[in-house]
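Undergrad: The structure under discussion is supplied below as structure tokens; questions concerning it will follow.
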Amino acid sequence: MSCIKMKDNCRNFSLSKWQDTRKPWLILIIVTIGLTCIAHFLFQEYLFMEPCEQCVYIRFDMLVMAIGGMIALINPTNNIIKIFSYSLAFYGIWLGLEHCLTLNHIHEVVHSENPFAGVDGCREIPIYPFNLPLHEWAPSWFLPIGECGMDTPVVPENAYNHLNAFQKFFIGTPPDFENGLYSNGWYLIPSLKFINMAICCLIAFLCCFIVLFAMFIAYVLDKNKPNAKIFALAIVILVLVLKFIGEPKNPNQNIASLNHLNQVVLRYS
């Protein structure tokens, strides 16, 4: 009976109907907010991994996607709601992919034999889309305090005597902190230095894109929604508008990215 019931459920499942429910959007919210909270509370606050500029941008991108999901929860079947929810979700993914690729490039350059080649983006004061001063509104979340391309734990001296066994397992023991799982930076498999944080975030954004794009196509091709193609075009246009109008403008701030990178390399050399 259970096998027959599973087959019936699979037969009745429709991606178009599913994207009209709150479930996929709730999953999106849980994933994006969950990853952002893990980055802040676990890695930053508990394991002393200081976020760099691209890291805080990725947090912003995740929260943009979450806001899109929250809007969809209002009424996921409403076409106007869909315009804003899909647009914000795709916009956040677009930004996230860009920032992950930039972070991975910086990470590879800093850890290469020639760390001065090809890096041109490492600000101490971030510039968010639409020039939102998020680093002033919530500095503990959106102000970068780490060095570009370096995600090794930076433990303050006043915390040396207060580290528990769990923390020491990941960041090592004082004063050198060389025997922890993440002493050489965060990797999915630290012993092999396999898949760094930037690539893991990139995979997360790609997974979200694949699911959302499949939902979007199912919505467009739904024969029961004759106006879906018009609303889909509006979504594409709004994503482009958000991307190009939202590009941050910084006429007054002096960006010495290469000099900052040089300081990073000297610090860790």
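Count begins at 1; order follows the chain as displayed.
Note that Cβ sites are derived from N, Cα and C of the backbone, with glycine treated the same way.
Found this in Swiss-Prot, in case it helps:
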{"type": "TRANSMEM", "residues": "25-47", "note": "transmembrane segment"}
{"type": "DISULFID", "residues": "Cys52-Cys55", "note": "disulfide bond"}
{"type": "TRANSMEM", "residues": "62-81", "note": "transmembrane segment"}
{"type": "DISULFID", "residues": "Cys122-Cys148", "note": "disulfide bond"}
{"type": "TRANSMEM", "residues": "198-220", "note": "transmembrane segment"}
{"type": "TRANSMEM", "residues": "230-247", "note": "transmembrane segment"}
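Situate these features within the shown structure.
TA: Counting residues 6+ beyond its ends, the transmembrane segment (25-47) has Cβ neighbours under 8 Å at 55, 58-59, 62-63, 65-66, 68-70, 72-73, 76, 85, 89, 92, 140-141, 153, 167, 170-171, 182, 186, 201, 204, 208, 212 in the same chain.
All protein chains included, Cys52 (disulfide bond) registers 25 other Cβ atoms within 10 Å of its own Cβ. Reduced to three states, the DSSP call for Cys52 (disulfide bond) is coil.
Same-chain residues lying 6+ beyond the ends of the transmembrane segment (62-81) with a Cβ under 8 Å from its Cβ atoms: 19-22, 25-26, 28-29, 32-33, 35-36, 87-89, 91-93, 95-96, 208, 225, 227-228, 231.
Cys148 (disulfide bond) falls outside any helix or strand according to DSSP and counts as coil.
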Undergrad: Which residues of the chain, 6 or more past the ends of the transmembrane segment (230-247), have a CB below 8 A from one of its CBs?
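TA: 79, 82-84, 86-88, 90-91, 94-95, 129-130, 216, 219-220.
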Undergrad: Within the chain of Cys55 (disulfide bond), which residues six or more apart in sequence place their C-beta under 8 angstroms from its C-beta?
TA: Ala39, Leu103, Pro144, Gly146, Met197
Undergrad: Cys122, Cys148: which of these disulfide-bonded residues has the sparsest Cβ neighbourhood within 10 Å?
TA: Cys122
